[in-house]
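Per Swiss-Prot, these features apply:
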COMPBIAS  1-10  compositional bias 'Basic residues'
COMPBIAS  11-25  compositional bias 'Low complexity'
COMPBIAS  36-56  compositional bias 'Low complexity'
COMPBIAS  165-216  compositional bias 'Basic and acidic residues'
COMPBIAS  225-237  compositional bias 'Acidic residues'
COMPBIAS  303-315  compositional bias 'Acidic residues'
COMPBIAS  327-338  compositional bias 'Low complexity'
COMPBIAS  344-353  compositional bias 'Polar residues'
DOMAIN    566-629  domain 'R3H'
DOMAIN    702-749  domain 'G-patch'
REGION    1-56  region 'Disordered'
REGION    153-265  region 'Disordered'
REGION    289-315  region 'Disordered'
REGION    327-353  region 'Disordered'
REGION    441-461  region 'Disordered'
């Protein structure tokens with residue numbers, strides 16, 4: 001009873017015990033839903049799951065310390081933003097795009113028409129280029145003009161400064177002369193006046209001529225450097241022209257003449273003046289300035305002569321001016337000689353840089369070792385391998401047919417026939433008639449193209465009713481006329497290939513249709529021999545290509561090339577052993593086999609502790625074997641492998657058809673077997689439909705024992721069998737042959 005009370009008390013939960021029991025019951029209930037241990041741990045951690053932060057960002061998860069809580073970012077994570085509600089995912093859109101692309105590309109061209117739309121504006125790149133070039137030239141001309149004007153202003157300003165200094169010096173000299181004249185006056189001679197006036201007129205005429213020329217050296221040569229030489233000349237002229245006459249008698253002093261200084265100023269000469277991005281040619285041939293800069297200085301000097309004509313400084317000024325003119329002429333001659341030397345040197349360089357031209361094929365004696373008439377080329381096709389549309393008996397096996405021949409084969413052929421390697425370029429240019437490196441000749445092309453200049457010729461082309469040609473359609477009529485005139489050059493000549501007769505090793509050229517040409521026996525034998533050599537060479541090249549593929553398959557472990565038609569079970573085992581002991585290989589692909597063969601490969605892979613996967617579709621479904629961790633831990637199950645070796649031995653590829661020679665050697669020649677069966681002696685009887693069985697059989701003779709017994713029983717010919725009153729039919733039943741599937745009522749005989 002006490003036990004029952006305790007049991008009831010514990011169940012009902014009176015007092016503390018009951019409360020603990022009820023709480024345990026609730027905990028058990030929660031444990032049934034998900035367990036209380038994880039809930040209690042979550043409560044201890046503040047109600048958060050380990051590894052789940054506030055922002056639900058798995059990319060910010062630290063594997064050692066849990067979620068990162070002190071990161072300031074929005075409430076939506078990258079994962080939630082990438083869902084894009086109401087729209088497809090990025091992967092779905094990618095698949096959809098590729099699907100549409102494949103479907104569009106896979107459609108035939110007739111379902112993808114091309115629509116031509118006439119442009120609103122005419123695109124003429126030549127006009128655009130000309131406009132840009134003209135604009136650039138105008139800008140360059142403006143810049144050059146600005147630079148020239150600024151340079152001229154600078155030079156004039158410098159010259160004005162020099163003139164001011166020169167005037168100052170002359171004033172000082174005049175003052176000194178006046179002092180001397182005050183002390184001892186000098187009378188002038190009338191003859192000296194006449195000489196001075198004549199000299200002045202000559203200088204003015206010379207100045208007018210010189211002002212019409214262009215002097216770029218004056219733009220380059222600063223006048224400041226000329227002051228020293230001028231001062232020296234002035235001092236020299238002063239020493240020679242100015243003297244003190246102690247006597248009281250008047251003297252007639254002619255104007256002093258100073259010889260020109262042969263040594264020019266120490267000025268570097270550059271034929272090209274570079275300012276910024278502009279180059280100005282200082283030679284006399286490229287001048288564009290028509291005004292002289294020094295003209296103002298000369299006029300000033302002439303004006304000053306009127307004021308100081310009474311003194312002897314006039315003679316010195318004229319002498320100085322003549323010396324400057326002579327120096328200017330000598331500098332111009334020097335610059336012209338330098339420009340001529342430069343032009344001569346450039347012409348020599350141009351002539352020396354001319355590269356030698358390749359001699360045309362046929363102008364050397366070594367070019368005649370090969371008969372070029374054996375090869376005829378009408379077209380060239382450029383690509384990965386250049387090809388020539390040629391006709392050659394030894395290459396194509398035909399005298400009339402053109403075939404595409406690779407460039408390598410053509411070069412090998414002609415080099416074997418005697419063409420030198422260094423003459424191959426000129427040889428190919430010769431046989432292609434300039435199609436490879438053809439030089440454009442615009443004049444010849446213009447002569448060949450028909451151009452109609454008036455409307456009457458257009459009416460003749462269109463039969464008297466010429467349509468109105470718009471500006472956009474200019475030249476269409478010319479193209480039509482040219483195509484009509486050049487049609488005859490595109491007409492092909494009807495030719496036929498030389499046929500063959502026989503099969504196998506007896507195959508040869510059929511030369512009967514050339515009997516009308518009465519070919520010699522030697523020519524016929526030569527043609528047949530060349531055809532035989534060509535067939536043998538093609539066969540050897542084909543075999544060589546197959547051997548190369550086989551070698552490549554062996555080197556690259558390509559079983560498709562190694563086993564072209566059939567695999568033996570021992571070959572499969574050898575491939576697995578080689579794959580297992582080669583650490584550099586990770587996978588192995590077998591050729592497509594039938595389902596039983598693929599299942600056998602899967603069993604072998606399992607025995608060698610390898611993974612097997614089926615790839616491909618249809619008849620190209622194959623087994624791919626790869627290594628994994630069990631391959632390196634366990635040894636192969638050779639007991640099961642030996643059991644598989646005792647099963648099916650040969651496996652044929654389903655994607656390749658065996659050659660005729662191979663299956664005849666293994667399975668026999670079914671065609672010949674059928675012919676032998678057909679040619680056996682004795683044929684099976686053939687009865688046509690509707691034939692009466694036994695209709696042509698002879699009557700039973702009287703000597704027959706059965707007939708004799710019937711006659712003894714009372715049977716008479718023409719009567720039925722049986723007793724009187726119960727005789728059978730007198731006519732026997734007729735049996736006819738029925739082969740068709742129609743009913744008996746449809747049969748008509």
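Every residue gets a Cβ built from N, Cα and C, even glycine.
Mean pLDDT of the predicted structure over the domain 'R3H' (566-629): 93. Mapped onto DSSP classes, the domain 'R3H' (566-629) shows 29 helix, 17 strand, 18 coil. Across the domain 'G-patch' (702-749), DSSP assigns 11 helix, 1 strand, 36 coil.
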